[in-house]
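Record features (TrEMBL):
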DOMAIN    204-597  domain 'Amino acid transporter transmembrane'
TRANSMEM  211-229  transmembrane segment
TRANSMEM  235-256  transmembrane segment
TRANSMEM  283-304  transmembrane segment
TRANSMEM  310-330  transmembrane segment
TRANSMEM  342-364  transmembrane segment
TRANSMEM  384-404  transmembrane segment
TRANSMEM  425-448  transmembrane segment
TRANSMEM  460-479  transmembrane segment
TRANSMEM  518-535  transmembrane segment
TRANSMEM  541-564  transmembrane segment
TRANSMEM  576-598  transmembrane segment
Amino acid sequence: MVQDSENQILRNNSPAKNVHYISIPVNRNPGYGSPDGSEPTSMHHRRQSILDQPLGSFRGVNSLGRFATSFQRANSFMNIEVNHDKERTYFKDGHDALFDPNTLGPATDGRRLSVALTTNGGVSVRPSINDLYGSMGGRFDNEAYDEDDTSAVRSVLSNDQQSWRHPNLSFQDFNNATNPETHSIIIKQVERKDGKVVNVLAGQSTAPQTIFNSINVLIGIGLFALPLGLRYAGWIVGLPLLVIFAFGTFCSAELLSRCLDTDPTMISYGDLGYAAFGSKGRALVSFLFTLDLMGSGVALIILFGDSLNALFPEYSVTFFKIIAFFVVTPQNFIPLNVLSNISLLGIMSTIGTVFCVAFCGLYKASSPGSLLQPERTELWPTSFNDFCLSIGLLSACWGGHAIFPNLKSDMRHPNKFKDCLKTTYTITAITDIGIAVVGFLMFGMIVKDEVTRSVMLTDGYPGFVYVLISALMAIIPIAKTPLNARPIAAVLDVLMGVPATTLELEGSKLHITRALKVFNRILVNVVFVLIAIRFPAFDKFIAFLGAGLCFAICLILPCLFYMKICSSTVKRWEKIICWITIFISIILSALGIGAAIIS
(Lines of atoms letter the chains of each structure in order from A and count residues from 1; the text may use other names and numbers.)
(Lines give C-alpha, C1' and ligand atoms only; values in the text may rest on other atoms or scores of the structure.)
Protein backbone atom coordinates (compact mmCIF):
# COMPACT_ATOMS: atom_id res chain seq x y z
CA MET A 1 0.00 0.00 0.00
CA VAL A 2 1.37 3.42 -0.88
CA GLN A 3 2.12 5.35 2.27
CA ASP A 4 0.93 8.74 1.11
CA SER A 5 -1.44 11.13 2.80
CA GLU A 6 -3.39 11.40 -0.41
CA ASN A 7 -4.40 7.74 -0.18
CA GLN A 8 -6.10 8.00 3.19
CA ILE A 9 -9.71 6.94 3.10
CA LEU A 10 -12.28 9.40 4.37
CA ARG A 11 -15.74 8.76 5.62
CA ASN A 12 -18.61 9.30 3.23
CA ASN A 13 -20.33 12.62 3.75
CA SER A 14 -22.54 12.33 0.69
CA PRO A 15 -26.14 11.23 1.05
CA ALA A 16 -26.17 9.89 -2.48
CA LYS A 17 -26.15 6.10 -2.60
CA ASN A 18 -25.52 5.92 -6.32
CA VAL A 19 -22.07 7.50 -6.19
CA HIS A 20 -18.88 5.49 -5.79
CA TYR A 21 -15.36 6.86 -5.51
CA ILE A 22 -12.19 5.17 -6.76
CA SER A 23 -8.66 6.26 -5.88
CA ILE A 24 -6.27 6.12 -8.84
CA PRO A 25 -2.61 7.19 -8.91
CA VAL A 26 -1.95 9.39 -11.90
CA ASN A 27 1.15 10.72 -13.58
CA ARG A 28 0.48 14.26 -14.76
CA ASN A 29 1.70 13.46 -18.27
CA PRO A 30 -0.45 15.20 -20.89
CA GLY A 31 -0.04 12.24 -23.18
CA TYR A 32 -2.43 10.12 -21.17
CA GLY A 33 -5.91 10.25 -22.45
CA SER A 34 -4.84 11.32 -25.91
CA PRO A 35 -7.53 10.91 -28.53
CA ASP A 36 -5.91 7.83 -30.07
CA GLY A 37 -5.48 6.19 -26.70
CA SER A 38 -1.77 5.67 -27.26
CA GLU A 39 0.86 5.97 -24.60
CA PRO A 40 3.56 8.57 -25.17
CA THR A 41 6.91 7.21 -26.13
CA SER A 42 8.71 9.44 -23.68
CA MET A 43 7.68 8.73 -20.11
CA HIS A 44 9.06 11.88 -18.53
CA HIS A 45 7.69 13.01 -15.20
CA ARG A 46 6.57 16.47 -14.26
CA ARG A 47 9.49 18.33 -12.75
CA GLN A 48 8.96 19.38 -9.16
CA SER A 49 8.17 23.08 -8.89
CA ILE A 50 9.37 25.33 -6.10
CA LEU A 51 5.68 25.99 -5.46
CA ASP A 52 5.26 22.34 -4.47
CA GLN A 53 7.72 22.67 -1.59
CA PRO A 54 6.25 23.09 1.92
CA LEU A 55 6.19 26.68 3.17
CA GLY A 56 4.63 27.36 6.55
CA SER A 57 0.95 26.45 6.35
CA PHE A 58 1.25 25.99 2.58
CA ARG A 59 2.09 22.29 2.43
CA GLY A 60 0.55 19.07 1.16
CA VAL A 61 -2.73 19.62 -0.66
CA ASN A 62 -2.51 23.29 0.35
CA SER A 63 0.94 23.88 -1.14
CA LEU A 64 1.41 26.99 -3.23
CA GLY A 65 1.60 24.77 -6.30
CA ARG A 66 -1.80 23.26 -5.52
CA PHE A 67 -3.19 26.76 -4.91
CA ALA A 68 -1.91 27.81 -8.34
CA THR A 69 -3.45 24.76 -10.03
CA SER A 70 -6.77 25.32 -8.25
CA PHE A 71 -6.74 28.96 -9.29
CA GLN A 72 -6.05 27.94 -12.88
CA ARG A 73 -9.01 25.57 -12.84
CA ALA A 74 -11.21 28.33 -11.42
CA ASN A 75 -10.24 30.65 -14.26
CA SER A 76 -10.96 27.93 -16.82
CA PHE A 77 -14.54 27.67 -15.52
CA MET A 78 -15.41 30.96 -17.22
CA ASN A 79 -16.86 29.62 -20.45
CA ILE A 80 -19.92 29.96 -22.66
CA GLU A 81 -21.67 26.85 -23.98
CA VAL A 82 -22.69 27.29 -27.63
CA ASN A 83 -24.45 23.92 -27.98
CA HIS A 84 -27.66 24.64 -26.07
CA ASP A 85 -28.95 21.08 -26.52
CA LYS A 86 -25.99 19.74 -24.56
CA GLU A 87 -27.20 18.30 -21.27
CA ARG A 88 -23.86 18.55 -19.45
CA THR A 89 -21.19 21.15 -20.14
CA TYR A 90 -18.13 18.95 -19.59
CA PHE A 91 -19.37 15.77 -21.26
CA LYS A 92 -18.93 14.31 -24.73
CA ASP A 93 -21.82 12.34 -26.21
CA GLY A 94 -23.78 12.83 -23.00
CA HIS A 95 -21.82 10.34 -20.88
CA ASP A 96 -18.07 10.72 -21.42
CA ALA A 97 -16.47 13.32 -19.14
CA LEU A 98 -13.84 15.68 -20.57
CA PHE A 99 -10.81 16.79 -18.57
CA ASP A 100 -7.70 18.93 -18.85
CA PRO A 101 -4.61 16.69 -18.46
CA ASN A 102 -2.62 19.60 -17.01
CA THR A 103 -4.96 20.67 -14.21
CA LEU A 104 -6.89 17.38 -13.94
CA GLY A 105 -10.07 19.43 -13.92
CA PRO A 106 -13.12 19.45 -16.22
CA ALA A 107 -12.67 21.14 -19.59
CA THR A 108 -15.10 21.86 -22.42
CA ASP A 109 -12.52 20.96 -25.08
CA GLY A 110 -10.50 18.50 -23.04
CA ARG A 111 -9.73 14.82 -23.47
CA ARG A 112 -12.10 11.95 -22.86
CA LEU A 113 -11.83 10.46 -19.40
CA SER A 114 -12.86 7.06 -20.75
CA VAL A 115 -9.78 7.03 -23.01
CA ALA A 116 -7.51 7.96 -20.11
CA LEU A 117 -8.96 5.18 -17.99
CA THR A 118 -8.20 2.58 -20.66
CA THR A 119 -4.85 3.93 -21.82
CA ASN A 120 -2.51 1.29 -23.22
CA GLY A 121 0.33 0.46 -20.92
CA GLY A 122 -1.61 0.00 -17.70
CA VAL A 123 0.73 -2.81 -16.72
CA SER A 124 -0.86 -3.73 -13.45
CA VAL A 125 -4.34 -3.28 -12.14
CA ARG A 126 -5.02 -0.58 -9.60
CA PRO A 127 -7.86 -1.98 -7.48
CA SER A 128 -10.69 0.28 -6.47
CA ILE A 129 -10.75 1.75 -3.01
CA ASN A 130 -13.60 -0.63 -2.34
CA ASP A 131 -11.32 -3.60 -2.98
CA LEU A 132 -8.60 -2.18 -0.74
CA TYR A 133 -10.73 -1.13 2.20
CA GLY A 134 -14.03 -2.89 1.75
CA SER A 135 -13.68 -4.93 4.90
CA MET A 136 -12.70 -1.89 6.92
CA GLY A 137 -15.55 0.43 6.00
CA GLY A 138 -17.20 0.31 9.40
CA ARG A 139 -14.02 1.36 11.09
CA PHE A 140 -13.52 4.46 9.00
CA ASP A 141 -17.15 5.52 9.12
CA ASN A 142 -16.61 6.51 12.73
CA GLU A 143 -13.48 8.55 12.14
CA ALA A 144 -13.28 12.06 10.74
CA TYR A 145 -10.34 12.33 8.36
CA ASP A 146 -11.30 15.61 6.73
CA GLU A 147 -9.95 17.92 9.40
CA ASP A 148 -8.73 21.23 7.95
CA ASP A 149 -8.60 19.80 4.45
CA THR A 150 -5.01 18.73 5.02
CA SER A 151 -5.76 15.07 4.60
CA ALA A 152 -5.80 13.78 1.10
CA VAL A 153 -8.28 13.13 -1.54
CA ARG A 154 -11.57 11.67 -0.43
CA SER A 155 -12.06 7.99 -1.19
CA VAL A 156 -15.60 7.10 -0.30
CA LEU A 157 -17.47 3.85 0.02
CA SER A 158 -20.99 3.46 -1.24
CA ASN A 159 -23.53 1.39 0.63
CA ASP A 160 -23.76 -1.13 -2.18
CA GLN A 161 -20.03 -1.82 -2.23
CA GLN A 162 -20.05 -5.29 -3.71
CA SER A 163 -21.84 -4.17 -6.88
CA TRP A 164 -18.95 -2.05 -8.13
CA ARG A 165 -15.96 -3.80 -9.69
CA HIS A 166 -13.86 -2.06 -12.31
CA PRO A 167 -10.46 -3.79 -12.35
CA ASN A 168 -9.33 -2.08 -15.54
CA LEU A 169 -9.28 1.45 -14.12
CA SER A 170 -5.66 2.57 -14.19
CA PHE A 171 -3.81 5.61 -15.46
CA GLN A 172 -0.41 4.02 -15.13
CA ASP A 173 1.58 1.13 -13.76
CA PHE A 174 0.83 0.70 -10.07
CA ASN A 175 4.55 0.41 -9.33
CA ASN A 176 5.04 3.94 -10.64
CA ALA A 177 2.53 5.19 -8.11
CA THR A 178 5.25 5.20 -5.49
CA ASN A 179 7.08 7.89 -7.44
CA PRO A 180 7.03 11.11 -5.39
CA GLU A 181 6.06 13.04 -8.49
CA THR A 182 2.83 11.08 -8.77
CA HIS A 183 -0.44 12.35 -7.32
CA SER A 184 -3.64 10.47 -6.67
CA ILE A 185 -6.96 11.60 -7.99
CA ILE A 186 -10.46 10.39 -7.34
CA ILE A 187 -12.83 9.14 -10.00
CA LYS A 188 -16.52 9.44 -9.21
CA GLN A 189 -18.69 6.71 -10.68
CA VAL A 190 -22.23 8.04 -10.84
CA GLU A 191 -25.31 6.00 -11.68
CA ARG A 192 -27.74 8.42 -13.29
CA LYS A 193 -31.50 8.26 -13.16
CA ASP A 194 -31.59 6.61 -16.59
CA GLY A 195 -29.38 3.77 -15.29
CA LYS A 196 -26.20 4.87 -17.08
CA VAL A 197 -22.97 4.81 -15.10
CA VAL A 198 -20.61 7.68 -15.88
CA ASN A 199 -17.10 8.42 -14.66
CA VAL A 200 -16.24 11.98 -13.66
CA LEU A 201 -13.30 13.54 -11.88
CA ALA A 202 -13.97 14.30 -8.24
CA GLY A 203 -13.04 17.72 -6.91
CA GLN A 204 -9.49 18.57 -5.87
CA SER A 205 -9.64 22.03 -4.30
CA THR A 206 -9.47 22.40 -0.54
CA ALA A 207 -11.61 24.79 1.48
CA PRO A 208 -8.90 27.51 1.67
CA GLN A 209 -8.39 27.27 -2.09
CA THR A 210 -12.13 27.53 -2.73
CA ILE A 211 -12.39 30.56 -0.45
CA PHE A 212 -9.53 32.23 -2.29
CA ASN A 213 -11.09 31.50 -5.69
CA SER A 214 -14.49 32.76 -4.52
CA ILE A 215 -13.05 35.99 -3.15
CA ASN A 216 -11.22 36.53 -6.43
CA VAL A 217 -14.57 36.25 -8.24
CA LEU A 218 -16.50 38.55 -5.90
CA ILE A 219 -14.00 41.32 -5.20
CA GLY A 220 -13.77 43.16 -8.49
CA ILE A 221 -13.78 46.65 -9.92
CA GLY A 222 -17.43 47.18 -8.98
CA LEU A 223 -16.38 48.07 -5.43
CA PHE A 224 -14.78 51.32 -6.66
CA ALA A 225 -18.26 52.60 -7.56
CA LEU A 226 -19.78 51.71 -4.17
CA PRO A 227 -19.11 55.15 -2.57
CA LEU A 228 -21.06 56.73 -5.43
CA GLY A 229 -23.85 54.20 -4.89
CA LEU A 230 -23.95 55.19 -1.23
CA ARG A 231 -24.04 58.84 -2.24
CA TYR A 232 -27.06 58.19 -4.49
CA ALA A 233 -28.88 56.14 -1.83
CA GLY A 234 -27.88 57.95 1.35
CA TRP A 235 -26.93 56.31 4.64
CA ILE A 236 -30.36 55.12 5.74
CA VAL A 237 -31.22 53.43 2.43
CA GLY A 238 -27.75 52.58 1.13
CA LEU A 239 -26.26 50.60 4.00
CA PRO A 240 -29.34 48.37 4.48
CA LEU A 241 -29.40 47.76 0.72
CA LEU A 242 -25.77 46.61 0.79
CA VAL A 243 -26.48 44.23 3.67
CA ILE A 244 -29.65 42.90 2.01
CA PHE A 245 -27.85 42.27 -1.29
CA ALA A 246 -25.03 40.49 0.54
CA PHE A 247 -27.37 38.27 2.54
CA GLY A 248 -29.70 37.63 -0.41
CA THR A 249 -26.93 36.55 -2.77
CA PHE A 250 -25.40 34.38 -0.05
CA CYS A 251 -28.71 32.55 0.37
CA SER A 252 -29.18 32.18 -3.40
CA ALA A 253 -25.66 30.72 -3.68
CA GLU A 254 -26.71 28.10 -1.15
CA LEU A 255 -29.77 27.34 -3.29
CA LEU A 256 -27.46 26.61 -6.23
CA SER A 257 -25.51 24.29 -3.95
CA ARG A 258 -28.66 22.36 -3.06
CA CYS A 259 -29.51 21.99 -6.74
CA LEU A 260 -26.08 20.49 -7.43
CA ASP A 261 -26.62 17.93 -4.68
CA THR A 262 -29.51 16.36 -6.63
CA ASP A 263 -27.24 15.13 -9.45
CA PRO A 264 -23.46 14.69 -9.07
CA THR A 265 -22.96 14.99 -12.85
CA MET A 266 -24.08 18.63 -12.82
CA ILE A 267 -21.07 20.90 -12.58
CA SER A 268 -21.77 24.29 -14.12
CA TYR A 269 -24.42 27.01 -13.95
CA GLY A 270 -25.41 26.04 -17.49
CA ASP A 271 -26.04 22.46 -16.35
CA LEU A 272 -28.51 23.80 -13.79
CA GLY A 273 -30.18 25.86 -16.50
CA TYR A 274 -30.61 22.79 -18.67
CA ALA A 275 -31.84 20.66 -15.77
CA ALA A 276 -34.47 23.26 -14.92
CA PHE A 277 -35.66 24.47 -18.33
CA GLY A 278 -33.96 22.35 -20.99
CA SER A 279 -32.12 23.85 -23.95
CA LYS A 280 -33.90 27.20 -23.53
CA GLY A 281 -32.53 27.45 -20.01
CA ARG A 282 -28.98 26.82 -21.19
CA ALA A 283 -29.42 29.29 -24.05
CA LEU A 284 -30.55 31.98 -21.60
CA VAL A 285 -27.59 31.28 -19.33
CA SER A 286 -25.16 31.49 -22.27
CA PHE A 287 -26.72 34.80 -23.36
CA LEU A 288 -26.45 36.28 -19.87
CA PHE A 289 -22.87 35.05 -19.47
CA THR A 290 -21.91 36.65 -22.78
CA LEU A 291 -23.37 39.99 -21.68
CA ASP A 292 -21.67 39.69 -18.31
CA LEU A 293 -18.23 38.98 -19.76
CA MET A 294 -18.65 41.65 -22.41
CA GLY A 295 -19.75 44.20 -19.83
CA SER A 296 -16.89 43.35 -17.49
CA GLY A 297 -14.37 43.71 -20.30
CA VAL A 298 -15.77 47.10 -21.29
CA ALA A 299 -15.78 48.31 -17.67
CA LEU A 300 -12.12 47.34 -17.33
CA ILE A 301 -11.21 49.38 -20.41
CA ILE A 302 -13.15 52.37 -19.05
CA LEU A 303 -11.31 52.01 -15.74
CA PHE A 304 -7.94 51.92 -17.50
CA GLY A 305 -8.69 55.10 -19.47
CA ASP A 306 -10.11 57.05 -16.53
CA SER A 307 -7.25 56.18 -14.20
CA LEU A 308 -4.44 57.19 -16.54
CA ASN A 309 -6.32 60.29 -17.68
CA ALA A 310 -6.48 61.47 -14.07
CA LEU A 311 -2.68 61.15 -13.84
CA PHE A 312 -1.98 62.57 -17.32
CA PRO A 313 -4.88 64.96 -18.05
CA GLU A 314 -3.12 66.35 -21.12
CA TYR A 315 -4.08 63.13 -22.93
CA SER A 316 -7.73 62.30 -23.52
CA VAL A 317 -9.57 59.34 -22.04
CA THR A 318 -10.14 57.98 -25.55
CA PHE A 319 -6.40 58.03 -26.18
CA PHE A 320 -5.75 55.81 -23.17
CA LYS A 321 -8.56 53.44 -24.14
CA ILE A 322 -6.87 52.93 -27.49
CA ILE A 323 -3.60 52.36 -25.64
CA ALA A 324 -5.43 49.78 -23.54
CA PHE A 325 -6.22 47.80 -26.69
CA PHE A 326 -2.54 47.42 -27.53
CA VAL A 327 -1.68 46.57 -23.93
CA VAL A 328 -4.32 43.89 -23.23
CA THR A 329 -4.51 42.21 -26.65
CA PRO A 330 -1.18 40.28 -26.47
CA GLN A 331 -2.36 38.50 -23.31
CA ASN A 332 -5.11 36.81 -25.31
CA PHE A 333 -2.47 34.60 -26.90
CA ILE A 334 -0.89 33.52 -23.61
CA PRO A 335 -1.68 30.00 -22.31
CA LEU A 336 -4.21 29.86 -19.50
CA ASN A 337 -1.73 28.56 -16.92
CA VAL A 338 0.46 31.64 -17.46
CA LEU A 339 -2.51 33.98 -17.75
CA SER A 340 -3.88 32.72 -14.44
CA ASN A 341 -0.66 33.67 -12.68
CA ILE A 342 -0.79 37.12 -14.29
CA SER A 343 -4.40 37.56 -13.22
CA LEU A 344 -3.30 37.21 -9.59
CA LEU A 345 -2.00 40.75 -9.99
CA GLY A 346 -5.61 41.82 -10.48
CA ILE A 347 -6.88 40.83 -7.04
CA MET A 348 -3.63 42.01 -5.43
CA SER A 349 -3.96 45.40 -7.11
CA THR A 350 -7.62 45.68 -6.10
CA ILE A 351 -6.87 44.99 -2.44
CA GLY A 352 -3.82 47.26 -2.60
CA THR A 353 -5.95 50.10 -3.97
CA VAL A 354 -8.46 49.70 -1.13
CA PHE A 355 -5.65 50.11 1.41
CA CYS A 356 -4.28 53.11 -0.49
CA VAL A 357 -7.66 54.87 -0.38
CA ALA A 358 -7.96 54.22 3.36
CA PHE A 359 -4.40 55.48 3.90
CA CYS A 360 -5.18 58.68 2.02
CA GLY A 361 -8.24 59.27 4.17
CA LEU A 362 -6.22 58.93 7.36
CA TYR A 363 -3.27 60.95 6.04
CA LYS A 364 -5.11 64.11 5.10
CA ALA A 365 -6.37 66.27 7.95
CA SER A 366 -8.85 68.49 6.09
CA SER A 367 -11.70 67.87 3.67
CA PRO A 368 -12.24 66.95 0.92
CA GLY A 369 -10.69 63.51 0.93
CA SER A 370 -10.19 63.12 4.67
CA LEU A 371 -11.56 60.66 7.20
CA LEU A 372 -10.45 62.96 10.02
CA GLN A 373 -12.69 65.75 8.72
CA PRO A 374 -15.40 64.03 6.64
CA GLU A 375 -17.28 65.74 3.84
CA ARG A 376 -20.99 66.52 3.98
CA THR A 377 -23.18 63.46 3.40
CA GLU A 378 -26.90 62.78 3.12
CA LEU A 379 -29.12 60.39 5.06
CA TRP A 380 -31.64 59.90 2.26
CA PRO A 381 -31.58 59.81 -1.56
CA THR A 382 -31.79 63.30 -3.03
CA SER A 383 -34.13 62.08 -5.79
CA PHE A 384 -35.97 58.99 -6.96
CA ASN A 385 -33.66 58.74 -9.97
CA ASP A 386 -30.63 58.71 -7.68
CA PHE A 387 -32.18 55.87 -5.68
CA CYS A 388 -32.76 53.88 -8.88
CA LEU A 389 -29.15 54.41 -9.95
CA SER A 390 -27.91 53.23 -6.57
CA ILE A 391 -29.64 49.86 -7.03
CA GLY A 392 -27.31 48.73 -9.79
CA LEU A 393 -24.19 50.23 -8.20
CA LEU A 394 -24.77 48.57 -4.84
CA SER A 395 -25.70 45.17 -6.29
CA ALA A 396 -22.98 44.85 -8.94
CA CYS A 397 -20.29 43.67 -6.51
CA TRP A 398 -22.11 40.50 -5.40
CA GLY A 399 -22.14 38.62 -8.70
CA GLY A 400 -20.09 35.43 -8.42
CA HIS A 401 -22.86 32.91 -8.94
CA ALA A 402 -21.88 32.10 -12.51
CA ILE A 403 -18.79 30.31 -11.16
CA PHE A 404 -20.03 29.08 -7.77
CA PRO A 405 -21.40 25.72 -9.06
CA ASN A 406 -18.03 24.95 -10.65
CA LEU A 407 -16.18 25.90 -7.49
CA LYS A 408 -18.31 23.58 -5.39
CA SER A 409 -17.91 20.71 -7.87
CA ASP A 410 -14.15 21.23 -7.75
CA MET A 411 -14.01 20.81 -3.96
CA ARG A 412 -12.54 17.75 -2.28
CA HIS A 413 -15.24 18.09 0.35
CA PRO A 414 -18.31 19.70 -1.26
CA ASN A 415 -20.16 19.51 2.04
CA LYS A 416 -17.89 22.34 3.24
CA PHE A 417 -19.05 24.70 0.51
CA LYS A 418 -21.53 26.53 2.74
CA ASP A 419 -18.80 27.19 5.30
CA CYS A 420 -16.61 28.48 2.49
CA LEU A 421 -19.43 30.79 1.40
CA LYS A 422 -19.75 32.16 4.93
CA THR A 423 -16.06 33.01 5.08
CA THR A 424 -16.06 34.39 1.54
CA TYR A 425 -19.05 36.64 2.09
CA THR A 426 -17.73 37.84 5.44
CA ILE A 427 -14.44 38.96 3.89
CA THR A 428 -16.18 40.41 0.83
CA ALA A 429 -18.79 42.26 2.89
CA ILE A 430 -16.14 43.81 5.14
CA THR A 431 -14.16 44.93 2.09
CA ASP A 432 -17.11 46.24 0.06
CA ILE A 433 -18.99 47.96 2.87
CA GLY A 434 -15.69 49.30 4.20
CA ILE A 435 -14.67 50.97 0.93
CA ALA A 436 -18.22 52.29 0.45
CA VAL A 437 -18.25 53.94 3.89
CA VAL A 438 -14.67 55.23 3.66
CA GLY A 439 -15.15 56.69 0.19
CA PHE A 440 -18.46 58.34 1.07
CA LEU A 441 -17.03 59.88 4.26
CA MET A 442 -13.96 61.17 2.42
CA PHE A 443 -15.73 62.84 -0.50
CA GLY A 444 -19.40 62.96 0.42
CA MET A 445 -21.64 64.40 -2.28
CA ILE A 446 -18.71 65.23 -4.59
CA VAL A 447 -17.43 61.65 -4.95
CA LYS A 448 -16.70 60.65 -8.56
CA ASP A 449 -17.90 57.51 -10.36
CA GLU A 450 -14.66 55.83 -9.22
CA VAL A 451 -13.47 56.67 -5.74
CA THR A 452 -9.89 56.32 -6.97
CA ARG A 453 -10.52 59.09 -9.49
CA SER A 454 -11.66 61.33 -6.63
CA VAL A 455 -8.41 60.61 -4.79
CA MET A 456 -6.27 61.38 -7.81
CA LEU A 457 -8.06 64.67 -8.51
CA THR A 458 -7.67 65.85 -4.90
CA ASP A 459 -4.57 67.68 -3.70
CA GLY A 460 -2.88 67.11 -0.37
CA TYR A 461 -1.74 63.49 -0.54
CA PRO A 462 1.87 62.26 -0.80
CA GLY A 463 3.17 62.37 -4.35
CA PHE A 464 3.78 58.64 -4.59
CA VAL A 465 0.09 57.90 -3.93
CA TYR A 466 -1.05 59.31 -7.27
CA VAL A 467 1.45 57.24 -9.23
CA LEU A 468 0.81 54.11 -7.15
CA ILE A 469 -2.98 54.22 -7.54
CA SER A 470 -2.68 54.88 -11.28
CA ALA A 471 -0.31 51.94 -11.63
CA LEU A 472 -2.56 49.62 -9.61
CA MET A 473 -5.67 50.67 -11.52
CA ALA A 474 -3.86 50.12 -14.82
CA ILE A 475 -2.68 46.65 -13.76
CA ILE A 476 -6.23 45.44 -13.01
CA PRO A 477 -7.47 45.67 -16.64
CA ILE A 478 -4.22 44.24 -17.97
CA ALA A 479 -4.54 41.25 -15.64
CA LYS A 480 -8.27 40.58 -15.95
CA THR A 481 -9.45 41.69 -19.41
CA PRO A 482 -7.93 38.68 -21.25
CA LEU A 483 -9.85 36.29 -18.96
CA ASN A 484 -13.09 38.00 -19.97
CA ALA A 485 -12.15 37.95 -23.65
CA ARG A 486 -11.16 34.26 -23.86
CA PRO A 487 -14.67 32.73 -23.56
CA ILE A 488 -16.12 35.17 -26.09
CA ALA A 489 -13.30 34.46 -28.53
CA ALA A 490 -13.91 30.74 -28.04
CA VAL A 491 -17.56 31.24 -29.00
CA LEU A 492 -16.50 33.07 -32.16
CA ASP A 493 -14.16 30.17 -32.96
CA VAL A 494 -17.07 27.73 -32.75
CA LEU A 495 -19.39 29.92 -34.82
CA MET A 496 -16.74 30.22 -37.53
CA GLY A 497 -16.02 26.50 -37.51
CA VAL A 498 -12.49 26.84 -36.16
CA PRO A 499 -11.34 23.47 -34.73
CA ALA A 500 -10.17 23.37 -31.12
CA THR A 501 -6.86 21.73 -32.08
CA THR A 502 -4.67 22.03 -35.15
CA LEU A 503 -2.80 18.72 -34.83
CA GLU A 504 -4.47 17.18 -37.88
CA LEU A 505 -4.32 20.31 -40.04
CA GLU A 506 -1.64 21.23 -42.53
CA GLY A 507 -0.98 23.60 -45.37
CA SER A 508 -3.51 26.32 -46.15
CA LYS A 509 -6.11 24.96 -43.70
CA LEU A 510 -3.64 25.31 -40.86
CA HIS A 511 -2.80 28.91 -41.82
CA ILE A 512 -6.48 29.86 -42.19
CA THR A 513 -7.34 28.34 -38.82
CA ARG A 514 -4.55 30.20 -37.07
CA ALA A 515 -5.49 33.44 -38.81
CA LEU A 516 -9.13 33.11 -37.72
CA LYS A 517 -8.11 32.50 -34.12
CA VAL A 518 -5.92 35.59 -34.14
CA PHE A 519 -8.68 37.62 -35.79
CA ASN A 520 -11.30 36.58 -33.23
CA ARG A 521 -9.12 37.47 -30.27
CA ILE A 522 -8.28 40.86 -31.72
CA LEU A 523 -11.93 41.46 -32.64
CA VAL A 524 -13.15 40.91 -29.09
CA ASN A 525 -10.77 43.55 -27.73
CA VAL A 526 -11.70 45.96 -30.52
CA VAL A 527 -15.35 45.61 -29.50
CA PHE A 528 -14.43 46.21 -25.85
CA VAL A 529 -12.67 49.46 -26.73
CA LEU A 530 -15.35 50.71 -29.14
CA ILE A 531 -18.12 50.21 -26.58
CA ALA A 532 -15.97 51.85 -23.89
CA ILE A 533 -15.50 54.88 -26.13
CA ARG A 534 -19.21 55.03 -27.00
CA PHE A 535 -20.36 54.67 -23.37
CA PRO A 536 -17.63 56.32 -21.28
CA ALA A 537 -19.48 56.71 -17.94
CA PHE A 538 -18.14 54.06 -15.56
CA ASP A 539 -20.88 54.47 -12.97
CA LYS A 540 -23.73 54.19 -15.47
CA PHE A 541 -22.17 51.11 -17.03
CA ILE A 542 -21.68 49.41 -13.67
CA ALA A 543 -25.24 50.36 -12.68
CA PHE A 544 -26.55 48.77 -15.87
CA LEU A 545 -24.56 45.58 -15.29
CA GLY A 546 -25.63 45.35 -11.67
CA ALA A 547 -29.31 45.96 -12.27
CA GLY A 548 -29.53 44.01 -15.50
CA LEU A 549 -27.35 40.97 -14.81
CA CYS A 550 -26.72 40.62 -11.08
CA PHE A 551 -30.41 40.32 -10.25
CA ALA A 552 -30.96 37.80 -13.05
CA ILE A 553 -27.91 35.58 -12.46
CA CYS A 554 -27.60 35.93 -8.68
CA LEU A 555 -31.20 36.11 -7.45
CA ILE A 556 -33.94 35.38 -9.98
CA LEU A 557 -32.50 32.31 -11.73
CA PRO A 558 -31.20 30.58 -8.56
CA CYS A 559 -34.69 30.80 -7.05
CA LEU A 560 -36.27 29.43 -10.23
CA PHE A 561 -33.69 26.64 -10.47
CA TYR A 562 -34.27 25.65 -6.86
CA MET A 563 -38.06 25.50 -7.15
CA LYS A 564 -37.81 23.48 -10.37
CA ILE A 565 -34.93 21.08 -9.67
CA CYS A 566 -35.69 20.51 -5.97
CA SER A 567 -39.48 20.67 -6.36
CA SER A 568 -40.02 17.48 -4.34
CA THR A 569 -38.18 18.83 -1.28
CA VAL A 570 -38.97 22.55 -1.35
CA LYS A 571 -40.94 23.63 1.69
CA ARG A 572 -43.96 25.87 1.29
CA TRP A 573 -42.38 28.79 3.15
CA GLU A 574 -39.26 28.48 0.96
CA LYS A 575 -41.37 28.69 -2.17
CA ILE A 576 -43.12 31.81 -0.85
CA ILE A 577 -39.79 33.48 -0.06
CA CYS A 578 -38.44 32.54 -3.51
CA TRP A 579 -41.42 34.10 -5.29
CA ILE A 580 -41.18 37.25 -3.15
CA THR A 581 -37.46 37.47 -3.97
CA ILE A 582 -38.16 37.06 -7.69
CA PHE A 583 -40.92 39.69 -7.64
CA ILE A 584 -38.85 42.29 -5.76
CA SER A 585 -35.78 41.54 -7.91
CA ILE A 586 -37.70 42.13 -11.13
CA ILE A 587 -38.99 45.48 -9.86
CA LEU A 588 -35.59 46.66 -8.62
CA SER A 589 -33.91 45.43 -11.80
CA ALA A 590 -36.37 47.34 -13.99
CA LEU A 591 -35.87 50.52 -11.96
CA GLY A 592 -32.08 50.21 -12.09
CA ILE A 593 -31.93 49.49 -15.82
CA GLY A 594 -34.32 52.32 -16.60
CA ALA A 595 -32.34 54.83 -14.55
CA ALA A 596 -29.04 53.75 -16.12
CA ILE A 597 -30.43 54.09 -19.65
CA ILE A 598 -32.07 57.46 -18.98
CA SER A 599 -28.95 58.85 -17.32
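Placed from the backbone N, Cα and C atoms, the Cβ positions cover glycine too.
Nobody curates TrEMBL annotations by hand; they come from automatic prediction.
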Taking contact to mean 3 or more CB pairs closer than 8 A (sequence separation of 6 or more), are the transmembrane segment (425-448) and the transmembrane segment (342-364) in contact?
yes
Where, among 211-229, 283-304, 518-535, 576-598, do we find the most CB pairs under 8 A to the transmembrane segment (342-364)?
211-229
Is the transmembrane segment (518-535) packed against any residues at least 6 beyond its ends, judged by a Cβ distance under 8 Å, and which are they?
294, 297-298, 300-302, 305, 318, 321-322, 324-325, 328-329, 332-333, 481, 485, 488-489, 492-493, 496, 498, 541
Do any residues, 6 or more residues outside the transmembrane segment (235-256), come within under 8 Å Cβ-to-Cβ of it, and if so which ones?
226, 229, 269, 272, 377-381, 387, 390-391, 394-395, 398-401, 404-405, 408, 418, 421-422, 425, 428-429, 432-433, 436-437, 550, 554-555, 558-559, 561-562, 581
Folded-back contacts onto the transmembrane segment (283-304), same chain, C-beta under 8 angstroms, at least six residues removed:
78, 80-82, 84, 220-222, 224, 269-270, 272-273, 277, 320-321, 323-325, 327-328, 399, 402, 450, 473-474, 476-478, 480-481, 484-485, 487-488, 491, 524-525, 527-529, 531-532, 535-538, 541-542, 544-545, 548-549, 552-553, 557
By a Cβ-Cβ criterion of under 8 Å, what residues six or more beyond either terminus of the transmembrane segment (211-229) are in contact with it?
67, 70-71, 74, 205, 238, 242, 296, 299-300, 303, 346-347, 350-351, 353-354, 389-390, 393-394, 396-400, 403-404, 407, 420-421, 423-425, 427-428, 431-432, 435-436, 438-440, 442-443, 447-452, 454, 476, 480, 538-539, 542-543, 545-546
